[in-house]
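A.B. asks: Copied straight from TrEMBL:
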BINDING   GLY53, GLY54, HIS55, ASP72, TYR99, ASP123, GLN130  S-adenosyl-L-methionine binding site
REGION    284-337  region 'Disordered'
COMPBIAS  294-312  compositional bias 'Basic and acidic residues'
Amino acid sequence: MTDPDSDPRSAPTDFGHVPVLLDRCVELLTPALTRHHPDGSGAVLVDATLGAGGHAERFLATLPGLRLIGLDRDPSALEIARGRLVRFGDRVTLVHTRYDGLALALAESGCTASESVDGVLFDLGVSSMQLDQAERGFAYAKDAPLDMRMDPSSPLTAADIVNTYDARALADILQRYGEERFARRIAEQIVRRRARAPFTSTADLVALLYEAIPAPARRTGGHPAKRTFQALRIAVNDELGSLRDAIPAALDALAVGGRIVVLAYQSLEDRIVKRAFADAVASRTPPELPVELPGHEPRFRSLTHGAERADATEVESNPRSAPVRLRALQRVGTGER
Ligand SMILES: C[S@@+](CC[C@H](N)C(=O)[O-])C[C@H]1O[C@@H](n2cnc3c(N)ncnc32)[C@H](O)[C@@H]1O
C-alpha cells in the first residue's frame with residue numbers, strides 16, 4: 001500500500017515528482033506510437049494521469065510528431081504540467097477531468113471514444129506535489145484540514161465522511177479500502193468522539209487512531225494512521241470506482257496496434273487492472289467449442305508476464321517506485337495474436 005508519509009514522492013525534485021519506470025514505459029509504448037511514422041506523427045498518446053508531466057515530457061521530446069492528450073482531476077497538477085509542456089505548443093491538449101471521463105475528453109479533443117488513439121498511460125495514485133501541499137490533508141504527519149480531495153471542486157471531503165457516515169459505513173470503508181484490522185473499533189470511537197466535537201483536522205483524527213489501535217498492534221503494524229488515511233483518500237476520491245470505469249474506456253479507445261501501460265502502487269488498484277486485463281486477453285468463444293468463433297478472438301495480447309516491478313537501482317534512487325506493479329497490453333486485429 002502507498003504510505004504518503006513515508007513516500008519519497010514528497011522529496012523535492014524538478015517539478016516535484018520523479019516519474020517511475022520511465023524507460024520501460026517508453027520501451028513499451030513507442031512501437032505503437034511510431035507505427036505510422038518514426039517521429040510519432042499521426043499518433044495520439046493519452047496520459048490519463050498527467051501529474052507533473054514527467055512521463056509526458058519524455059514522450060513529447062523523443063517523438064517530435066506525437067500528439068498528447070493529458071488528463072488530470074487536479075487543476076494544480078494541470079497548471080504545473082502546462083508550464084512544463086508549453087514548449088510543445090499545440091501538440092499538447094490538457095483536459096481537467098477524472099480519467100473515467102476519458103470518452104468525453106477524447107470527444108472534446110477531436111478524437112472518437114472508439115479505436116482513435118495509439119497509446120494510453122495510467123500512473124495511478126497521488127503525486128509528490130499533492131503530498132507536499134500539506135493543506136490538502138493527504139499526509140498524516142502534517143496537521144491540516146481533513147480534506148484529501150484530489151479535485152478541490154469536488155463536493156465530498158474526508159471531514160464529511162468522518163463526521164457524517166454511520167459507524168457501519170465508516171467501518172466498511174476502513175476495512176475495504178484500508179484493510180484495517182481494527183476498522184469496527186475505530187469507527188465506533190470516531191462516532192463517540194464526534195458527538196462531542198466534529199473532526200476538523202488530520203491531527204484530531206491521528207490522535208483518535210493512537211487511542212483506538214491497541215498498543216501492541218501500534219508497535220508492529222506501521223503508523224496507526226496509515227491504513228485509515230489510505231482508506232479515506234480512496235473513498236473521498238472514489239479512486240477504485242473511477243479506475244474500474246476508466247480501464248474499459250481506455251481499452252475501447254485504442255486502435256488496432258495501440259498499447260496501454262498501467263502503473264499501480266497499491267493492491268486494490270492493481271487487482272482491478274489485473275482483472276480487466278485478464279478479461280481483455282480472453283477469448284469470447286464458448287469454451288466448449290473446438291475452434292475460435294470469428295469475431296470472438298481476444299481483442300488484446302499481454303506485453304508483460306504478470307506484473308513488472310522496479311529494479312533495485314531505481315528503488316534505491318526513488319523509493320517511491322518500490323511498490324509499483326506495471327502491466328501492459330496491445331490491441332490486436334482479427335486473426336492476430
Ligand atoms: C502519480 S501522479 C502522475 C505523475 C506523472 N506520471 C509524472 O510523471 O509527473 C498521479 C496523478 O493522477 C491524478 N489522478 C489520480 N486519480 C485520478 C483520476 N481518477 N482521474 C484523473 N486524474 C487522477 C492525480 O491528481 C495525480 O496528479
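Our numbering is plain: 1 for the first residue shown, then up by one each step along the chain.
Using the three backbone atoms N, Cα and C, a Cβ is placed for every residue, glycine included.
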A.B. asks: Between the two most separated Cα atoms in GLY53, GLY54, HIS55, ASP72, TYR99, ASP123, GLN130, the residues recorded as binding S-adenosyl-L-methionine, what distance in Å do you get?
C.D. replies: 18
A.B. asks: What are the DSSP helix, strand and coil residue counts for the compositional bias 'Basic and acidic residues' (294-312)?
C.D. replies: 1 helix, 4 strand, 14 coil
A.B. asks: By the DSSP assignment reduced to helix, strand and coil, which category contains GLY53 (S-adenosyl-L-methionine binding site)?
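C.D. replies: It is coil.
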A.B. asks: Considering the binding-site residues GLY53, GLY54, which residue's Cβ sits among the greatest number of other Cβ atoms within 10 Å?
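C.D. replies: When each Cβ's neighbours within 10 Å are tallied, GLY53 leads.
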A.B. asks: Tally every other Cβ atom lying within 10 Å of the Cβ atom of HIS55 (S-adenosyl-L-methionine binding site).
C.D. replies: 27
